[in-house]
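Chemist: Supplied in structure tokens, the structure appears directly below.
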Amino acid sequence: WALMLLLSVAIYGSHAPLLTHCKVDGVIPFSSASVVVLVELTKLLLSLLFLLARHREPLGSAVSWRHAAPFALSALLYAANNNLVVHMQLFMDPSTFQVLSNLKIVSTALLYSLLLRRSLGRRRWLALLLLLAAGLSYSWGGLQGSGSPSEMHLHITPVGLVLLCVYCLISGLSAVYTEAILKSQALPLSLQNIFLYFFGVVLNLMGYLWSGNQGGFLEGFSSWLLLVVLSQALNGLIMSVVMKHSSNITRLFIISCSILVNALLSVAFFNLQLTLLFFVAVTCIGLAVHLYYGV
């Protein structure tokens with residue numbers, strides 16, 4: 001568990017730096033929709049390999065369409081959220097989205113408590129609010145370049161604010177709903193992943209075709225992008241293990257802790273500097289871990 005969680009933290013933290021290495025002349029040369037399809041397809045193939053390796057006996061008689069059908073809604077929610085992130089950029093600047101998207105910590109925790117009927121208590125709610133504070137602090141200005149402005153201003157339209165609320169709601173709902181399905185079925189996790197990622201491939205492929213991309217499906221593909229696809233696929237499988245055997249709250253802590261990796265890589269490769277807000281974020285994360293897990 002420790003190695004798996006640390007690997008997930010490293011993958012989350014290295015995602016943005018890896019995408020930066022994929023840029024050509026400051027521009028991302030590939031379609032984000034095609035990358036999502038490739039990630040879903042890779043997760044589907046890996047899940048199939050894990051199922052064949054660990055369960056040699058046939059499972060057909062114990063599985064019906066009723067087991068697979070609930071994952072269609074889960075895949076639809078994930079696909080809607082991925083497309084919403086792209087559409088939201090029209091109504092706010094990227095920095096504003098980076099700051100305000102941390103509100104999904106609260107929405108996920110609320111839906112986790114309400115829909116799964118898990119009482120968190122004041123101590124754990126305080127820990128989650130500290131995670132929110134850590135995310136806001138780091139996003140607001142935990143890193144600073146030599147030529148970047150010292151103050152950040154949020155730019156968001158009323159439509160962008162509504163879309164942000166929808167994004168946080170769908171983000172929390174998709175995660176909590178998926179956790180509920182995974183835990184309610186007495187099926188191998190690899191088989192459940194096959195259901196989920198099959199629908200994910202179909203829906204995201206439909207989205208790619210509907211978007212009408214001008215270039216080829218693999219246009220702009222590079223070794224860095226291959227690393228992004230493999231790492232995101234592996235992280236998706238790890239998150240399914242976390243939701244099956246732990247909870248979405250653990251997932252929130254993993255995402256929050258990943259800012260430490262992101263900061264170290266940004267300092268090492270992009271000559272950015274740590275600010276006071278970074279150390280505020282680290283302190284909040286440490287206190288949150290102590291309050292929630294007693295570590």
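Just so it is clear, glycine is given a Cβ too, placed from its N, Cα and C backbone atoms.
Per TrEMBL, the features are:
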SIGNAL    1-16  signal peptide
TRANSMEM  32-53  transmembrane segment
TRANSMEM  65-85  transmembrane segment
TRANSMEM  97-116  transmembrane segment
TRANSMEM  125-141  transmembrane segment
TRANSMEM  161-182  transmembrane segment
TRANSMEM  194-211  transmembrane segment
TRANSMEM  223-242  transmembrane segment
TRANSMEM  249-270  transmembrane segment
TRANSMEM  276-293  transmembrane segment
Chemist: Taking contact to mean three or more C-beta pairs under 8 angstroms, with sequence separation of 6 or more, is the transmembrane segment (223-242) in contact with the transmembrane segment (32-53)?
Modeler: yes
Chemist: Per the 3+ Cβ pairs under 8 Å rule, pairs at least 6 apart in sequence, do the transmembrane segment (276-293) and the transmembrane segment (161-182) touch?
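Modeler: They do not touch: fewer than three Cβ pairs between the two stretches lie under 8 Å.
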Chemist: Check the transmembrane segment (249-270) against the transmembrane segment (32-53) for contact, please; criterion is three or more CB pairs under 8 Å, pairs 6 or more apart in sequence.
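Modeler: Counting Cβ pairs under 8 Å (6 or more apart in sequence), the transmembrane segment (249-270) does not reach the transmembrane segment (32-53), since there are fewer than 3.
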Chemist: Among the recorded stretches 32-53, 65-85, 97-116, 125-141, 161-182, which has the greatest number of Cβ pairs closer than 8 Å to the transmembrane segment (194-211)?
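Modeler: The listed stretch sharing the most Cβ pairs with the transmembrane segment (194-211) is 32-53.
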Chemist: Considering pairs 6 or more residues apart, do the transmembrane segment (65-85) and the transmembrane segment (161-182) have at least three CB pairs under 8 Å?
Modeler: yes
Chemist: Residue list, the transmembrane segment (161-182) vs rest of chain: Cβ under 8 Å, 6 or more residues beyond ends.
Modeler: 70-71, 73-74, 77-78, 80-81, 84-85, 87-88, 91-92, 97, 100-101, 103-104, 106-112, 115-116, 189, 192, 196, 240, 243-244, 247-248, 251
